[in-house]
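Below: one structure, written as structure tokens.
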Amino acid sequence: MSYADMAAKGPKQSPEEVTVTNPTSSAAPQMPEVEHTDESTSSLIDVDSPHISSVPSDFESQSVKTDTQADRIEREAEDAKITAEKKASEAKEKAKGAAGKAKSKAGLAGKRMNDNKDNPVVIGNAVLIGLGSAGLGYAAYQKYTAGEFTWKVAGAFAGIVGVFATADYFISSYLFQKYPPKK
């Protein structure tokens, strides 16, 4: 069954619907009209005028092409300057605070070292660290001059330092129970 057959069986259309959906019916649809006004056209661009605005041939190579773009770039530069000044002042304040904290920590550490300069555990650690560093440095220099200093050797030296630091921690913890540091 075709669409035309189905449409013929459906409900009949009213005369208003027939004129809207079927322009070939007895009543023709209304023609659109142009609205007539007497408004002035002086604000429109006159395309027949002899004045022609053109851009220079190097227009595409210019970094700033319009006044609006120039204003925007100027505002962005001012905003960037203000932001940079604000960040600089915040960084100065942060640096002052950090310097004060570091100075107080250094003073506290210096005081603790001065108070514990006669503690045998501290003296023993200082001597062992000095001798161990000198021995590893000399061995590394000997390997380097012989052309045998490789990443494997550097890793072995790092492992030696790690083992020594771990052993020193546990031994010092035990000895600090016998000879506690002054606070």
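Placed from the backbone N, Cα and C atoms, the Cβ positions cover glycine too.
TrEMBL lists 1-113 with the feature region 'Disordered'.
Here TrEMBL flags 19-28 (among others) as compositional bias 'Polar residues'.
For 51-67 (among others), the entry in TrEMBL reads compositional bias 'Polar residues'.
Marked as compositional bias 'Basic and acidic residues' by TrEMBL: 68-96.
Per TrEMBL, compositional bias 'Low complexity' is recorded for 97-111. Counting residues of the compositional bias 'Low complexity' (97-111) by DSSP class, helix then strand then coil, yields 15 helix, 0 strand, 0 coil.
As annotated by TrEMBL, transmembrane segment applies to 121-141 (among others).
According to TrEMBL, the transmembrane segment annotation covers 153-176 (among others).
Within the compositional bias 'Basic and acidic residues' (68-96), the DSSP-based counts of helix, strand and coil residues read 29 helix, 0 strand, 0 coil.
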